[in-house]
């Protein structure tokens with residue numbers, strides 16, 4: 001064999017060797033990541049049931065101190081939370097030492113201080129479980145049970161970006177009124193035999209109070225994030241105008257995501273993928289009301305998008321508001337870990353998992369069966385949307401490995 005032929009043959013073999021090595025390494029990395037995602041999913045399933053038990057392993061700390069130590073820039077609580085039940089038990093039972101009107105906002109809520117100094121946000125029951133909220137996808141009062149269900153869905157999806165929420169029954173006459181501020185107390189009234197209040201908020205009206213069953217009011221309590229983690233509010237790039245006849249740019253411009261990708265903090269880092277995770281989360285729960293979102297202050301786009309205020313959800317199980325998925329189908333990217341988790345939840349696993357996760361909540365059953373069934377149907381729509389993206393652009397473009405430095409330019 002001539003020298004020239006040998007050199008060519010050697011070069012070809014070298015190229016084949018390099019490509020083979022790269023291919024094997026890539027597949028080994030992908031396989032390892034996939035196996036880790038599977039293990040994480042199994043750990044989540046094993047820890048779904050959260051029995052509300054007052055016992056703490058770390059007896060030198062209060063439940064509030066434990067929960068505060070969980071918070072880091074990319075999660076509100078860790079994957080392994082053996083004391084989650086104890087913290088939630090404290091949220092649902094600790095003595096209320098002060099009650100005030102809720103922080104600014106559009107919907108009725110109360111700010112409670114529990115024994116030990118912990119703030120929680122109380123949202124009262126406004127609807128029966130089977131009530132259907134008609135109209136726009138963001139219509140109606142806040143749904144307290146939606147906050148509970150959304151928190152457990154956050155656990156199931158593995159995001160861990162929603163503050164802790166648990167259901168609670170409170171006696172308005174004996175637990176709230178004796179410790180209420182004058183501002184809150186001034187909104188109390190009696191309607192028939194029921195104690196009611198209407199609070200202070202943008203849409204709060206004396207003619208539209210929330211009423212207890214006698215003195216006992218069902219609601220949800222959301223754990224206030226530690227003061228050492230101040231929040232920064234951002235306008236959601238896919239927010240609605242809330243004005244009849246006026247569309248936001250994303251509603252008519254199919255290339256809108258290209259513009260978002262050139263804007264900080266969506267041009268690099270995890271924020272755009274957080275937006276897409278959140279779109280998936282919101283579509284599953286039917287929340288079309290995320291006009292703003294919060295992250296931790298001074299994070300330069302590195303901290304998570306915190307899944308706060310999920311109460312405009314689970315209003316109508318028959319309504320699938322596809323526009324909520326706009327960040328997904330316009331950007332056509334999704335985290336590999338999110339994609340894997342969604343696939344693990346197919347074939348009724350999502351409905352079963354959420355039902356199990358909520359079974360120990362004090363206000364269980366949290367959701368009616370039609371809402372649980374709707375989750376499984378919406379999951380199929382999300383998977384179909386991602387498939388459309390991969391068919392158009394290829395999986396290498398659409399499925400983003402989120403264990404690396406991200407750039408969307």
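Just so you know, the numbers here start at 1 and follow the chain as drawn.
Glycine is treated like the rest: Cβ placed from N, Cα and C.
Database features (TrEMBL):
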- 289: active site (ACT_SITE)
- 107, 123, 222, 223, 224, 225, 294, 309: ATP binding site (BINDING)
- 142, 309: Mn(2+) binding site (BINDING)
- 188-397: domain 'FAM20 C-terminal' (DOMAIN)
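Structure coloured by features recorded in TrEMBL.
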| residue | record | CB count, 10 Å |
| --- | --- | --- |
| 107 | ATP binding site | 20 |
| 123 | ATP binding site | 26 |
| 142 | Mn(2+) binding site | 26 |
| 222 | ATP binding site | 25 |
| 223 | ATP binding site | 25 |
| 224 | ATP binding site | 20 |
| 225 | ATP binding site | 20 |
| 289 | active site | 25 |
| 294 | ATP binding site | 18 |
| 309 | ATP binding site | 25 |
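Annotation: 107, 123, 309 are the binding-site residues among 107, 123, 223, 224, 225, 309 whose CA atoms are within 10 angstroms of the CA of residue 142 (Mn(2+) binding site). Within the set 107, 123, 222, 223, 224, 225, 294, 309 that the record links to ATP, no two Cα atoms are more than 19 Å apart, and one pair reaches that distance.
With respect to their backbone Cα atoms, residue 107 (ATP binding site) and residue 289 (active site) stand 12 Å from each other. Residue pair residue 222 (ATP binding site) / the residue listed as 'active site' shows a Cα separation of 18 Å.
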